[in-house]
Amino acid sequence: ALQCCPVLGSRPASSISRSFSARTPAVSRTGEARRRRLQQCRSQSAEGRSPGSSPPQLERLFSNVNKATMKHEPGSITGSVFLVAGTTVGAGILAIPAVTQEAGFLASAVTCVFCWTYMVVTGLLVAEVNVNTMCELGSGSVSLVSMAKRTLGTAGVRTVCFSYLFIHYALLVAYVARSSEILTNSLGIPLLESATLFSLAFGGLCYFGSQRVIGAVNGFLVFSIIASFTVLVVVASGNIQWSSLLETNFAAAPQSIPIIALSFVYQNVVPVLCTNLEGDLSKVRKAIVLGTAIPLALFLVWDAVILGTIPGFAESGTITDPLQQLRSSNGTVGPIVEAFSFLAIGTSYIGFVLGLTDFIADLLKLPSGQNKPLTYLVTLFPPLVLSLLDPEIFFKALDFAGTYGVLVLFGVFPAAMSWSERYSNDLEAPISPIVPGGKLTLSFVMGGALLVIFSEVFKDIMCSYKD
């Protein structure tokens with residue numbers, strides 16, 4: 001199961017260990033040396049197999065070892081599922097009913113399932129490229145920067161860096177702005193104090209907490225989200241007009257794709273998953289599918305409750321806060337709405353902070369696996385300042401990030417990196433593909449994202465021309 005680990009060194013795979021808090025930096029090698037090691041790896045893994053059989057799927061590439069106790073700490077699938085679910089269930093769920101009101105519930109449900117499938121595929125592509133990059137670089141942790149540099153070159157790195165930073169900072173600004181508003185309303189403290197308290201509490205958890213502590217906190221928050229969501233649905237569903245859920249306008253469904261795609265963003269933590277789960281792609285695949293299935297169910301139920309409960313919501317014609325609409329129409333659900341909103345944003349904030357700090361550490365060439373104050377300062381401080389400068393930035397940040405950022409970084413680029421890795425003569429991929437379909441699947445992923453992006457650009461241009 002560990003035969004591919006000679007790419008990490010000349011030692012047997014069983015002797016290779018890594019501390020989660022102190023990972024070994026990538027070992028520099030020439031391209032020719034890397035190819036020889038990968039060929040050696042493939043030849044070793046081919047031993048004992050019948051001719052024509054497919055390459056075996058590796059169980060893991062390395063072992064996570066606690067530096068203090070020297071004990072093996074394999075990543076938890078349950079904790080990884082909660083990390084994916086917590087990252088996905090964020091601000092997007094608050095906006096889904098607002099952008100699907102014109103399409104109706106049935107059309108929006110079909111769109112949600114389609115976007116979920118699409119985003120699962122792109123997440124698996126990211127995992128596939130990530131593990132192959134770990135094999136080639138000999139590192140237990142690599143980010144999108146290293147993946148893009150290996151597969152797409154300098155131009156790809158620059159585009160990925162810009163898109164990644166733009167999306168993460170935009171969404172972190174939205175999260176801090178909304179959470180500080182909730183804390184101010186609940187505790188009666190100024191926005192400055194509430195925004196600082198939120199950033200320090202959840203940012204401190206990411207900085208000081210081990211993967212087990214963060215996983216446990218994420219699990220508690222996800223269960224709390226489900227509990228508050230259940231209560232909220234039970235209270236609000238008494239006024240559902242079931243006939244309104246049958247109204248359908250499929251022609252209006254495409255305009256909701258950017259926000260729905262934004263709601264399913266979790267790919268930023270896939271490199272973290274691959275490291276925590278020791279490069280075991282079977283575990284990573286399970287964590288991605290199960291971790292995104294939970295938000296899918298929540299999104300569908302939430303959309304049905306809002307579209308079937310709020311009177312006249314479908315005819316409003318403007319994007320408003322659906323939670324505010326629900327609060328104004330049913331005064332008994334106010335505290336539940338605030339708790340659900342805060343928990344949903346908090347779990348997503350943790351995932352985005354973890355992903356962005358790893359990305360910045362890799363971008364600044366800092367030692368991987370070690371929490372550096374600089375990376376957390378650069379991650380937490382700008383969103384805090386921007387959210388205070390414009391407290392009403394929540395919906396603006398969501399709309400802009402979903403339309404022009406998510407589909408580029410987590411739609412086009414995963415397929416482009418996988419295409420380069422699979423079909424380039426200059427790269428080797430020791431891990432067999434986990435996304436089937438070959439060039440047809442990759443073309444569909446890239447083409448679908450580009451179609452939505454260009455259609456949104458054209459719509460914005462036409463709206464500006466009319467104005």
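Using the three backbone atoms N, Cα and C, a Cβ is placed for every residue, glycine included.
Here is what TrEMBL says about this protein:
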COMPBIAS  11-23  compositional bias 'Low complexity'
REGION    11-59  region 'Disordered'
TRANSMEM  77-99  transmembrane segment
TRANSMEM  105-127  transmembrane segment
TRANSMEM  155-177  transmembrane segment
TRANSMEM  189-208  transmembrane segment
TRANSMEM  215-236  transmembrane segment
TRANSMEM  256-275  transmembrane segment
TRANSMEM  287-310  transmembrane segment
TRANSMEM  339-361  transmembrane segment
TRANSMEM  401-419  transmembrane segment
TRANSMEM  440-458  transmembrane segment
Please report, as numbers and ranges, the same-chain residues at least 6 past the borders of the transmembrane segment (189-208) whose CB is under 8 Å from any CB of it. 176-177, 179-181, 183, 214, 217, 346, 349-350, 353-354, 357, 371, 373, 376, 379-380, 383-384, 387-388, 391
If you count Cβ pairs under 8 Å, which stretch among 105-127, 155-177, 256-275, 287-310, 440-458 touches the transmembrane segment (339-361) the most? 155-177
Can you name the far-off residues of the same chain, 6+ from the ends of the transmembrane segment (256-275), with a Cβ under 8 Å from a Cβ of it? 20, 23, 64, 75, 80, 83-84, 87-88, 90, 92-93, 95-96, 99-100, 103, 108, 111-112, 115-116, 118-119, 122-123, 126-127, 130-131, 134, 140-144, 147, 164, 167-168, 171, 284, 287-288, 291-292, 295-296, 299, 351-352, 354-356, 358-359, 398-399, 401-403, 406-407, 409-411, 414, 452, 456
Residue list, the transmembrane segment (440-458) vs rest of chain: Cβ under 8 Å, 6 or more residues beyond ends. 118, 121-122, 125, 254, 257-258, 261, 403-404, 407-408, 411-412, 414-416, 418-419, 422
